[in-house]
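> Before we start, here is the structure in question, set down as structure tokens.
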């Protein structure tokens with residue numbers, strides 16, 4: 001027998017390497033799980049924004065003249081400090097007018113009066129968690145894209161590794177072996193939700209890795225000019241000219257849209273380099289029964305129509321690129337689609353969590369249990385909603401501002417995982433973190449209701465608060481059921497011990 005050229009590894013080294021390998025797998029699974037949970041929440045970002053400021057003015061429409069009046073008021077205060085300017089126009093799920101510059105965001109009423117600053121720190125925190133994992137944007141969205149590729153690979157390899165998965169789509173074995181029960185739930189949900197999680201993972205990977213592809217194209221074909229690389233998809237911007245000029249004709253542009261494009265819904269007015277000769281005016285408008293996020297309508301400085309970019313009727317690549325966003329975030333079809341996306345997003349989080357649970361159960365069956373890793377995974381699964389609930393509470397009471405929320409979340413989650421590793425009891429870890437999540441969420445909702453008594457029963461607040469209350473109750477439901485079962489068992493035992501008369 002030929003001797004191996006590789007040195008023999010000690011059993012301790014092999015064990016340490018295996019443990020490290022498992023820990024890396026746990027970390028990757030944890031990040032995917034965090035993305036699934038935050039994504040399910042991010043679907044309702046408009047509802048959460050309204051909930052954070054329930055007293056903000058809500059309107060169904062704003063006139064072109066009022067929109068321009070509001071723009072002039074905001075830009076007059078900027079004094080050339082901003083190179084980007086946006087007017088978010090009212091829509092069905094976000095009936096508010098928000099004007100945003102590089103330095104501020106404010107609300108406007110139907111008359112174009114500025115009526116207060118916009119602030120939704122917790123919602124933005126959740127969006128940044130899902131988009132970037134709170135990392136620098138280019139790095140963060142790239143890592144998220146890579147995780148999307150991994151999630152897609154896990155889904156496809158799971159189907160290939162289980163050739164009977166579709167045939168057994170309605171087979172359940174709830175009694176007996178815990179691993180078999182978890183496996184059936186994992187596989188059944190994977191099949192039923194495949195039309196959701198496969199395109200969501202694919203579009204997430206697409207969006208996340210677009211920046212890397214863009215940088216590569218810019219380097220290879222456009223002399224490093226990133227804007228030029230994306231121009232075939234999103235259109236070109238005119239050459240900059242910083243000489244002062246009157247504000248472009250926003251009212252004329254919106255009036256043109258109302259008169260000539262009555263079947264589309266303007267959602268944003270976008271200006272680059274406002275109040276300069278090089279200013280670029282666009283109106284982004286949604287097209288009914290289309291998956292594209294909208295079409296860009298270009299206007300000159302007087303508000304005269306110039307043309308469209310082609311998101312609605314341009315190349316196939318443009319239309320596909322414009323459709324990935326709404327497919328990924330479920331921002332089409334109104335509230336029913338959002339609810340479906342939220343439920344299926346929660347199901348995807350369960351699939352991710354149960355996949356690791358099955359792995360740990362298999363290890364137990366092979367007499368290779370990993371109680372510390374199991375407890376740490378419980379810290380991830382239930383620590384994520386607990387940390388999210390704590391950040392919501394901190395935001396509502398004003399203990400943490402926008403810059404502190406990300407640090408608070410990751411420190412809390414890391415603390416839960418470390419605590420679980422120090423006292424590896426997965427059941428106790430799960431129960432305590434569920435209780436913490438329920439308590440923090442319920443307290444945040446109660447304090448929010450007290451702070452916004454005048455607006456609590458408005459559509460912007462009441463429904464989100466009620467759903468949040470149900471979620472808090474769901475967190476403690478397992479403990480409630482367990483205690484009820486314990487009381488029934490004790491009552492039954494007492495009845496059996498009672499002597500017959």
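Any Cβ shown, glycine's included, is placed from N, Cα and C.
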> Choose the correct range: of 403-421, 479-497, which one does TrEMBL annotate as transmembrane segment? Give that range.
403-421
> Within this structure, do the transmembrane segment (196-218) and the transmembrane segment (433-451) have 3 or more Cβ pairs under 8 angstroms, counting pairs 6 or more apart in sequence?
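With fewer than 3 qualifying Cβ pairs, these stretches do not touch.
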> Are there residues at least six beyond either end of the transmembrane segment (403-421) with Cβ under 8 Å to its Cβ atoms? List them, or say none.
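Result: 121-122, 125, 128-129, 134, 372, 375-376, 378-380, 382-384, 386-388, 390-391, 394-395, 429, 433.
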> Hey, which of 21-44, 139-161, 196-218, 373-397 has the most Cβ-Cβ pairs under 8 Å against the transmembrane segment (339-361)?
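Per the Cβ count, the answer is 21-44.
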> What stretch, picked from 21-44, 139-161, 196-218, has the most CB pairs under 8 A with the transmembrane segment (373-397)?
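Looking at each of 21-44, 139-161, 196-218 in turn, the most contacts to the transmembrane segment (373-397) are made by 21-44.
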